[in-house]
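Notes follow once the structure below has been shown.
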């Protein structure tokens, strides 16, 4: 299978299915490929399986059926038991969780930012430098010695993003990144992710917030409520298909969603 | 969308005459108040530890070493005057570091005499610890026998017992005061970080740090649950129902913590955790920290020497 993978394909998902409880699938026969540098947005109603797919691509859970190739190698529990592959893989992918409280488990923001590069075995001086650089970049330099429970929702999201970036991942997974953020932080996040895309990072996010799609996506995948893929294409092609958006429960009959109308540009 | 008729009706008017009397606060409200108090206290004690002051500026490692050293010294001192002299100096340093004096004193002396006092109470009587009678409580004119046990005819408080009791209470109180001053002037996280230097296993420290971190998440979740119930409580619920709510809240919280633990584990795994903890090194000590440690050592030696001289 290795030979079939195109050079710029970083993930190849082949007929993958998964269920948390027997008889209740959350993913049914999903197949797709993801290329390097792609801005991919996975859209779908609540419970359609978007987050599960992201966790699977990040090697946190593994398919019951089908297989996933990551960077040319099959991503299995056994493959991740190889310390070298595990270390390389964890440096290549970063995951920003929907629940920042679950993601920020360290005592201080500084420890949080240092966790991933330390686990990756980087020298402590490099880690210190990366922590300072990223904190400045994201604008959380003044929060480094604060405890995560004292931060606001927007600050927590910034720290969550920063703690993933310190390991300099090639692929960034974001699960519902704009959930619960105020408009200013949402704008900041979108602009920041755009900058990361320009720098060549692959940004893959799961959301049902249509307003951010057109700003960040070069490709959109839509999940049906029966956990299969309903559409895969360019944002313009997918988001103008009102019938499809209605069918997959992303908009309501009386919704006024249209491309370019979701955001006000200054 | 068609609403049922009852949903379109206006709510009953508010009674403004106050004829309903006053309901006593139930235990759910008290629990809610306590939850909020926990958060406030934690935030307040953190705020004290962040105040600019002499003790707050000291490195946590120096404070931990000094605490252990001074605990040994205090417990070697056999003279009350030396012990209380040391305590006054400790209080002066605490006050100069802007620690709340009331908290430092009240936290210790409202509790310690009570519990330690109960423990030492029997030992002040001559029936338990023979000594010179200071105050005779009862004279039975003949010795008393209880099975194999034989007691003197006089029941009295002995001077040795009384001084021993006061000495024990003083030592315990001053030792606890030292610990209170340390915890008030040090952020919990800095304290844990200091323990890393003393060969406490990293996984143990990390577990403690995470426990402290998630207490707040779970306390907030609990507060939300109690507030949500309070928002729908019209004062008609019976104590039995309230107890049932508390039980289900505990169950709900357990479920949430379980779910959270899974998410935390995923978050750790996603950032490369594979069973081994790697942590950043603490900052290096500065000369003022070393100077303070030297002064503490010197003060301890002076106390021991004075204790010897006083016999």
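For all residues, glycine too, the Cβ spot is worked out from N, Cα and C.
As written in TrEMBL, here are the features:
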- B:67-92: transmembrane segment (TRANSMEM)
- B:104-125: transmembrane segment (TRANSMEM)
- B:162-182: transmembrane segment (TRANSMEM)
- B:203-222: transmembrane segment (TRANSMEM)
- B:290-310: transmembrane segment (TRANSMEM)
Annotated stretches the transmembrane segment (B:290-310) and the transmembrane segment (B:162-182) touching (3 or more Cβ pairs under 8 Å): no
Of the stretches B:104-125, B:162-182, B:203-222, which racks up the most C-beta pairs under 8 Å with the transmembrane segment (B:67-92)? B:162-182
Who are the chain neighbours of the transmembrane segment (B:104-125) in space, where the CB to CB distance is under 8 Å and they lie at least 6 residues beyond its ends? 91, 94, 137, 155-158, 161-162, 164-165, 168-169, 172-173, 176-177, 180-181, 184
